[in-house]
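S.K.: Sharing a structure, written as structure tokens. Questions coming.
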Amino acid sequence: MNTEMIYDAKWPEEFAERLKNDGPWANWELYKLSAEIQKTLAIPEFEGLRAPLYLPSFTPLPHQLEVAQKVVEKMNGKAILADEVGLGKTVEAGLILKEYMIRGLAKKILILVPASLVSQWVKELQEKFLIPAVEQKKSYVWEQCDIVVSSIDTAKRSPHREIVLSIPYDLVIIDEAHKLKNSKTKNYEFVRNLVKKYCLLLTATPIQNRIEEIFNLVSLLKPGHLGSQNHFQEEFAKKKSSLEAHEHLKDLVNKVMIRNRRHDTGLNWKQRHVETVPIQFSPSEQALYDEISRLKDSINKPASMFSIMTLQRECCSSREAVYMTLKKMLDQKEKQAPAIDEDTISVLIDRINQVTQNSKALQVVDLIKKIDDKVIIFTEYRATQIYLQWFLQQNGISSVPFRGGFKRGKKDWMKDLFRGKIQVLIATEAGGEGINLQFCNHMINYDLPWNPMRLEQRIGRIHRLGQERDVHIYNMATKHTVEEHILKLLYEKIHLFEKVVGELDDILTKIQVNNFEEHLHDILYHSATEEEMKIKMDNLTSFLSYKKQLPAEKRGS
């Protein structure tokens, strides 16, 4: 039905006359019109969502609508949104925010996200939800604007901190909330001290290593919901119990946490194809690796052992990464004794100078040329990132770097370049956090993280809603090195690369390997021979395989 709008040109004159004469103000026709407007705007009942009616250019998915409705109706606006990577937690948070705004329950909003995601959040809220979100930049907008998106690092820094903590917020949203898992950090303390009526914590990995992490997150939403910290430690943490093994704990957590898994959504997900690319060291690279490995025989200090392990991993990445670590040790020798003595460092630097090629980088160039499409490369080390950009350029391949130290504007620029003519984006762990790159479907794990949850976060950058092609993951692993041992454990033995976060929960979180990385470090530190290391790795693999097959109630025993 089309309603014809007729403008009354006499209205301004009549209004001015009424102001002059102080009346008459009563008008039955205008009153009826006003009443009709109020009736239209009125929300008939609290059940059901109104927000979708106000989204003309965007249709949320069913699981996203269910999450928003549950948070609003049953959780009183305090929830951990823990959907697997790529299911649209930002959309769910946007729906909840829109719903509270429509109902008049939220006006003053604070959204804290990693610096690299600030612009992405503002754009999504404005375009999908028609929410006038404002980005906190150089000028202070905390008090002037109602809906502010900022990095948590900016918000917690003086003089911003004092202003933000003085404002009573109706709703606070925290993205990548797993960074708040440690209650002793400044970030945790800052979020805890925020004055807030409603709060949403977004994370695909609510538990990464220890069950205490979920206690800290829940305590931000509802202090005391899981009891006191001492009680929780005695009842669950010290017994090394899993979330699944304790029905009571699971029920309590589920009252504040929603976790959708890919198979729950009913959506047709693109396939994930995983390929291992074996790398053979050149003789000079092998000599450097062996020189580093031999240091284990003469050093027993834990700190020094950790340094050796780091150097081994860096050697599998690039000679540049090894050199930068050794240089840092020498630069800091005035403040503290280096983990490795100066003479040994000099020997290692001589070995570095004898390395004339990077076998892994050569393999990457061949792979990228074979793919002939956009590729994202993940590396653990900034020195390797810089080297790779130079090396790819020497081989006629265009690339851009992406790392945590970049300012927000530069990160957006790098993403735009990659979306355009640039073929390769080289990201570090911090740089790749939270970015959405569905237009790319090839990923090279140049270096492998030892925490499978971090690996899934990487893959989730491209294997997510909106991906229209099958995803291809290439894992680089140098033969006969610590890198190969880790890859065999994670991939060939327990097939973690084919899993997604929910399945990783079943294998890692629920089976009581409370800190996966610590277990790996312990094996590699204290293995006297290659054979001993293989035996320990096989034992860990058998333990994982056995535990994941047990019913939930028996996994904690």
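In case you wondered, yes, glycine gets a Cβ from its N, Cα and C as well.
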S.K.: Which range is it, out of 175-178, 203-206, 223-226, 335-338, that shows up in Swiss-Prot as motif 'DEAH box'?
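M.R.: Per Swiss-Prot, the stretch marked motif 'DEAH box' is 175-178.
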S.K.: What mean pLDDT score does the domain 'Helicase ATP-binding' (70-224) have in the model?
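M.R.: The predicted confidence over the domain 'Helicase ATP-binding' (70-224), as a mean pLDDT, is 91.
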S.K.: Within 10 Å of the Cβ of Thr90 (ATP binding site), how many other Cβ atoms can be counted across all chains shown?
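M.R.: Result for Thr90 (ATP binding site): 22 neighbouring Cβ atoms inside 10 Å.
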S.K.: Tell me the Cβ contacts of Gly86 (ATP binding site) under 8 Å, same chain only and six or more apart in sequence, or just say none.
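M.R.: The list for Gly86 (ATP binding site) reads Arg262, Gly460, His463, Arg464, Leu465, Gln467, given in order along the sequence.
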S.K.: Measure from the Cβ of Glu84 (ATP binding site) and count the other Cβ atoms within 10 Å, all protein chains considered.
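M.R.: Summing over all protein chains shown, Glu84 (ATP binding site) has 24 other Cβ atoms within 10 Å.
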S.K.: Can you list the residues of the same chain, besides Ala82, Asp83, Glu84, Val85, Gly86, Leu87, Gly88, Lys89, Thr90, whose Cβ falls within 8 Å of the ATP site's Cβ centroid?
M.R.: Leu81, Glu92, Ala204, Asn260, Arg464
S.K.: Name the residues of the same chain, 6+ apart in sequence, whose Cβ is under 8 Å from the Cβ of Ala82 (ATP binding site)?
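M.R.: Expected: Thr203, Ala204, Thr205, Pro206, Met257, Ile258, Arg259.
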S.K.: Based on DSSP, tally up the residues of the motif 'DEAH box' (175-178) by helix, strand and coil.
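M.R.: Helix/strand/coil tally for the motif 'DEAH box' (175-178): 2 helix, 0 strand, 2 coil.
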